[in-house]
Amino acid sequence: MAAPMTNDQSCFFALALGVSFLKCLLINAYHSTDFEVHRNWLALTHSLPVPQWYYEATSEWTLDYPPLFAWFEYGLSHIAWFFDKEMLVVQNLNYASPATILFQRLSVIVADVVFFYAVKECCKCLREDKGKDLLGKPSFILTVLLLWNFGLLIVDHIHFQYNGFLFGVLLLSIARHFQNRHFEGALLFSVLFNLKHIYLYIAPAYGIYLLRCFCFTQSNADGSLQWRSFSVVRLVTLGTIVLSTFAVSFGPFIALGQLPQVLSRLFPFKRGLCHAYWAPNIWALYNIADKAFSILGVKFKLLDINKLPKASMTGGLVQEFQHSVLPSVSPLATLVCTLLSILPALFRIWHRPNGARGFLRCLVICALGSFMFGWHVHEKAILMAILPLSLLAVESREEARIFLILSITGHYSLFPLLFTTQELPIKIFLMLLFTIFSLTSLKTLFRKGGALLNPLEATYLLGLIPLELICEFVYPLTVWQKTFPFLPLMLTSVYCALGVTYAFIRLYISLLTCSDNTKKIKTQ
């Protein structure tokens, strides 16, 4: 006879069912061009032989994910056939019949089962007191922060992508490392990387952590490395796991002599420094500085306006461009900046690992460092830092503070993704709902010690309210709307970049100053 569900289990399933119902309500909401991207991938993987997958270019939305995701689309296409065969015709560009919309929306909702399972496993890794009531438990708060994450809801179930499924694999990998099941954790991350190569951002954290804390089996009393404890067997086993995954994924294309073509699709460096509108990172601040200098230069007759390059970066385009005054940034320069931004974190976990939580802090910094300094960063990549940081936010007061700043700022920076009028109240309501829960639950969890945010931080976050009013309601009524249509996007990116940069600095301080043996933090 099956054991009855506990209150915690009942609550988890209620939250999962509730958010699934909400996702179903959003089936007929606006969807972006990513909807057509994935429909096209369904069509080409279903209709064409494998050797043509990474050469097919009937649609402008060519296949640019790693092979494992292509096989994922191939599997989905066989179910899609029962909904509407016409969606699987490569030539049917921008095809969006009701059955196609229903299938693609449901495929994202069902794939989120992986995310649900991963969240449940992550909750098992938390340190919490047994006697607390449900609403005061870190596991309950974490469940809501993850399952009802605002960013995932709008990016996957309105804008349209499969991030929930992918983040499920990531969180499950993290949970396995917390559970000392390192081979499983490494396998899951290797699979994840072969599903979407953006997770290359956090690969250094995995590599250094596994080498330091798994391949070296012992540390000295002061926490320093014991070189004699190195295990060749563990290193070879990890290498075999990783290489086997890559062999399954890329092997057929290597055998076909298509590896250069696949890599050219995965890493299209001909795209510009910034994606669509500026993601809220250091390059948004760099771009606005360049614009300010060029305006001042023209005003004071230091620059000839006819010799300045056109400001293509303001028009939502992705081609290469040149800055007007400041040096133009190359892909190599962004790579160097990214590596420099994460090296101190990698150095820290090599010398003082601080267990799985030290690894998780390093992972978040790698994700955020790559977001801050990477080439052609998508605004949605901020979720790669926000979601893992949720695990630390329910156990540490300082990281709860950082989480509030990063999540509120990062989530607001996603607002321009939903630009249609009918989605405006939805995104505002869901953002408010998630933000109010985050603030109240974490404040209750860490009620000893005063407010989580200092006055300056609170004032900055409150500044998002007038920013939203200006961008959504005031600016469209002005005469500048036609002349400078990009201005609201620029304001949003630059304002949010300040908050993301601040959170990045605070996170680094937290990593470098945390004790080597983290004690359980009192939350009562």
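Cβ coordinates come from backbone N, Cα and C, glycine included.
All TrEMBL annotations are machine predictions without curation.
The range from 235-256, 279-300 that TrEMBL describes as transmembrane segment is residues 235-256.
Within the same chain, residues 5, 96, 101-102, 105-106, 108-109, 112, 116, 120, 123, 143-144, 147-148, 153, 157-160, 418, 420, 422-423, 426 sit at least 6 positions outside the transmembrane segment (12-31) and bring their C-beta atoms closer than 8 Å to a C-beta of that stretch.
Nonlocal intrachain contacts for the transmembrane segment (198-215), taken as residues 6+ away from its ends with a CB within less than 8 angstroms of a stretch CB, comprise 166, 170, 177, 182, 186, 189, 192, 225, 230-231, 234-235, 238, 342, 345-346, 349-350, 353, 355, 358-359, 362-363, 365-367, 370-371, 374, 378, 381, 384. Sequence-distant contacts of the transmembrane segment (235-256) (same chain, at least 6 residues past either end, Cβ-Cβ under 8 Å): 50-51, 54, 66-68, 182-183, 186-187, 190-191, 194, 210-211, 214-215, 262.
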